[in-house]
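Sequence annotations record features per position, and here TrEMBL assigns transmembrane segment to B:7-30, B:50-78, B:90-112, B:141-159, B:189-212, B:218-238, B:269-287.
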């Protein structure tokens, strides 16, 4: 019976999200939202995809990656090449952007995931910088001056991608594979001793995360008219990281909420970039000092409504500390 | 002869990396924290040196000492405010705080002062050109090397011959045991930050004298590369940081010399990833197996 109950919840959420989608789509076609709001909405949506993709890597598997903008860049450029140079449809561009980013995730993840903690963080940071420098030096994609891309990203596309991203990541988290990933986050040595193939699961989580970052990259590229390597620097990786950290390492809904909140805040502070960075950094330091588990800890927002049930994707022993 | 010329440039650049890397490696050796704000301390040092030369009109050596003193204080301040409360937190929390502190310094500095770059005056140090094996060697690059070597010797002396150096080595070996032996761990950590930051400040001043242009975000890339240098030599090991810094400077210059100057920044990170994969404990480090 538990399965049917879960399935009922599943369909409730699907219907709920479709209703939200319909309402916003209706408001867009009815021109109740001006271009600024639509743009902000698309931007929020792209950030949500980025946040949940990094959540899988950091929050669930506990692998501290701070080069996520590298995958975003790979996806953005790959999809840009597909639509602009090869003139294939947008859907193909998104898919191939995701796959190329996943490949990049595999290539970087396979060797570097043998590293732990700080070393992995630095290796991924280095990888992000290398990706940026490679695109900076590739004349085929315009080098430093950037690459022209058509505006193709619309609300139905981004919504579809969010839905798929969240569905895949939630189901992954609640599957055997996800449990294995969580056990790696809790204690890698113990997980290894229990017979879990840690390398396999770490690489798997990394590749899936990179895939969705690549799709977000495709949406990101086709939301602007131009993409430049300077859009994908360390600060971009940091922006994504702060969604996950602030939302709570291990909480998918937390990272979604943080992505929404912070995107709105940074949209309003767009004209004051220094103030925005100062606020960001102070928030980050204060949260780490006083609430290191983030806004939601490892809890999900659904577990607030259904009290008494055990939260999904979190530690099962009531451990509220971030263990990554 | 181009090659010798580039080697000389590489050693000058490398000695700056080495000075910054020493701070990274000392701090990491003691508190196991990648102090991302270290590159920004370097930037602050460059600006203190700039203002003391142009506004206070004091000579180079005094400016260098002033910058080192200010940076030492600044480093201790950062440690006391941001890192000390996190001593027992998870590594990730400390790492994220370090990133936050780094951004706060950078953008706080821009907010207060503005983002415009400054140029060190050209007449800080006399400039002679020495011809050696057909390569033109600038007296400034010799001076940079000289200052770095002197500072490194002083550092070696402090770490190996003084009481505070002994305390540092004890704390980095085992903090709890050191505390039981009556060593004041907090003060030792603070003095580690002070010494590391002073070295970064010195690096900032000589960077400014040699490369002229300084700006509020100048610390980011040299900071990251100095970290690469520290990892290259084996993190936590002082001679390793020196060798790693020099080696990285030479590698970068050679990449430029072979005509790939646009790829220069990438070279450091390729070195990083290669070293992490094939020799994770660095050139001088010992491999330690994790025990449960």
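Just so it is clear, glycine is given a Cβ too, placed from its N, Cα and C backbone atoms.
Counting Cβ pairs under 8 Å that are 6 or more residues apart, the transmembrane segment (B:7-30) and the transmembrane segment (B:269-287) reach fewer than 3 and are not in contact.
Counting Cβ pairs under 8 Å that are 6 or more residues apart, the transmembrane segment (B:141-159) and the transmembrane segment (B:189-212) reach 3 or more and are in contact. Same-chain residues lying 6 or more positions outside the transmembrane segment (B:90-112) and placing a CB less than 8 Å from one of its CB atoms are 31-37, 39-41, 43-44, 47, 78, 82-83, 216-217, 219-220, 223.
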